[in-house]
Amino acid sequence: MKKYKALHFGAGNIGRGLISDIYMKNNMDFALVDIDKDLIEKLNKQKSYSIIDFQTNKVFQISNFKAFSIDQEDEIKKWIEQADFISTSIGWSNLASLKKFFENVKLKEKAQIICFENGYKISSFFQSILNIDSNHFVNASVDKIIPNFKSDSLDVYVESYYEIILEQKNESQKKLNFVNYSTDLEAYINKKLFLVNAIHSTIGYLGYLKKYTYINEALNDQQILFKIKRLAKIINEILSKEYLLFKVDYLNDYLEKNLKRFSIKENQDLISRVARNPIQKLSKNERYFLIYNLVKKHNLEIDILLEIYKSIFYYDNKMDKESSKIQSTIENKSLAYALKKFSNLDQEDQEKILKSLAKK
């Protein structure tokens, strides 16, 4: 049987630590593309690396792959034309930079394009950028914690748990093993986006305010945990109202499972990693705005959500470009101006945040 081929943009943690693993377990020929030339050179020179489960110490070897620098346009285009699966994990705000690779290129008839990105239906968003037949695009929900361990090694340390759910479009669709498929992907995207991504980053922002370094440290703080539980209660109410397949008890269990994942000491998940790119996290196809919209729709308590928004605007990390942009806007203009520019909140809710600060 002829092997499927896959091309993946993004040789970072998710690309090396999850997507390559899936492609290799599916016995596929695959290639990685990245903007980091040193990383690509290392991958080509070493020709293999290990994925190490930090919970069980199991090791899985990744090998027999190709690796291309982003400036190897001709090679990348050849792979795009030959690929059965084309995927990304570069951050959805960077997807427009890939448009040139799809110009004057003929995809295979049943080629699938999958964006393994945090956000709402990002593959559909990518389709709007490329303006290619939507039948090629498969939306995805992907969940795995892969911390940034400081090391010169290509090896990746990962948690045991992972979940990938892909959109089931039709019966003739080529399927990957070791992933799940659903015809109701929106429900699963939002469940993961709200109860994994939003909860995770919120722990980060609240933890930063109390000067913690790691997520597990912040989660041991009872004041932070209390706020997380308040936010989660609202989220669970939203999800159970929006999607009949989710009962509140199931969502509570799902939350507790995720809190246990986040609290694993060996994880060593840096708050600076989890809280990065706050402007992106506040955008309209991301976690906080989607929760905000549904809170307004169902007329639920909004105070805890606005408190979380406030903590995001207090996040001041000089090493993070988006955080620095927010802070310089506050410094050079005002918090009111920054809220208007970045929060996407209604005017009345921006004013509630400002009034809550004025009372202090």
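Every residue, even glycine, has its Cβ placed from backbone N, Cα and C.
Sequence-distant contacts of Ala6 (NAD(+) binding site), defined as residues of its own chain at least six apart whose C-beta falls under 8 angstroms from its C-beta, comprise Tyr23, Met28, Asp29, Phe30, Ala31, Ala83, Asp84, Phe85, Ile86, Ser87. According to DSSP, Ala6 (NAD(+) binding site) sits within a strand segment. The NAD(+) binding site annotation in Swiss-Prot covers Ala6, Leu7, His8, Phe9, Gly10, Ala11, Gly12, Asn13, Ile14, Gly15, Arg16, Gly17.
Residues near Arg16 (NAD(+) binding site) in space but far in sequence (CB under 8 A, at least 6 apart, same chain), listed by position: Leu32, Tyr49, Ile51, Ile62, Leu154, Val156. Taking Cβ-Cβ distances under 8 Å and a sequence separation of 6 or more, the neighbours of Ile14 (NAD(+) binding site) in its chain are Ser89, Phe116, Val142, Lys144, Ile146. Considering only the binding-site residues Gly10, Gly12, the Cβ with the fewest other Cβ atoms within 10 Å is that of Gly12.
Reduced to three states, the DSSP call for Gly12 (NAD(+) binding site) is coil. Of all the Cβ atoms in the protein chains shown, 28 others lie within 10 Å of the Cβ of His8 (NAD(+) binding site).
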